[in-house]
Amino acid sequence: MDYQKLIEEVYDEIQKENPRGKVATYIPELANVDPDQFGIALVDLKGNVFGVGDYQTAFSIQSVSKVHTLAMVFHVFKSKLWSRVNVEPSGNPFNSIAQLEFEKGIPRNPFINAGALVITDALYSKFERPTDQISDFINELSGRSCVRINQEVKESEKNHAERNTALAYFLKAHKNFDNKVEDVLDVYFAQCAIEMSCEDLAKSFSFLANDGYSIFAKREIVSESHARRINALMLTCGFYDESGEFAFRVGLPGKSGVGGGIAAVMPHKFSVAVWCPELNDKGNSVKSIKALELLTDKLKFSLF
Ligand code: DON
């Protein structure tokens, strides 16, 4: 399979069609990005990198980091984690508060904000330097020191943190949050403000296409069974209330972020990251979703 030709064809077709959305503005600093940037990077299991467009430009990975923190915490807590967070699609927006009340402080899954806050709280309890260790972990997965935390983006989110703060206090009211809210939020905003390129992001997801073993870190990151479970969660919950639509159109486990990035994997074949900042009304990148749909259409295979 000529992956370079494939992603170039996908890139050209999407650029010709040029579907548009709107950049995220609820974190004001994210609105300063050039909306015309678009890149695709695909990494096979031998470590070959195929890239097109702005695939080496660093961007705000936002919620894509929820997969990295889940992998760190899953490895430590194993199945005990699932007493604090569920594994069901939420069918609700990523920052929804309502469901958490009905379900007595147990978030639906680790990828909605409430669930990710529980994961970061668990991480905070076990790791001595949580923010540095998240960066170190992602650097290791990417095979080089690529992670930069954009302090302006972090501060911008901190200054508009009403919903995430409300979620954290609500979790605390239900005894599902062990540490100080401000401390955990500081780590959560730092992980969301990580900037890296499509190339590095695709490399950092490679272990999930490879039964838990990272060819870049040269070690097992999670067991084969944990890798399969993280992939199942990405397939069912990675795109919030658009997860069914993504599975239907693309058919790969993946995770989106409001910076416009999506990382996805085709188990036993490749990992891929796509980035374009303009989003649809569910907070997922319009061009990135279309690009991945075209990719699996042209490949004539997905998970299914
Ligand atoms: O907590 C937030 O709202 C953001 N830092 C991350 C949200 C996000 O990326 C949702 N993804 N589509």
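Note that Cβ sites are derived from N, Cα and C of the backbone, with glycine treated the same way.
Remember, TrEMBL labels are computer predictions, not curated facts.
A 10 Å cutoff on Cβ-Cβ distances gives Val258 (substrate binding site) a total of 24 other Cβ atoms nearby, all chains included. What TrEMBL records for Ser63, Asn113, Glu157, Asn164, Tyr188, Tyr240, Val258 is substrate binding site.
Summarising the environment of Tyr240 (substrate binding site), the number of other Cβ atoms within 10 Å of its Cβ, over all protein chains shown, is 24. Pairwise Cα distances among Ser63, Asn113, Glu157, Asn164, Tyr188, Tyr240, Val258, the recorded substrate-binding residues, top out at 20 Å.
The Cβ of Asn164 (substrate binding site) has 22 neighbouring Cβ atoms from other residues within 10 Å, across all protein chains displayed.
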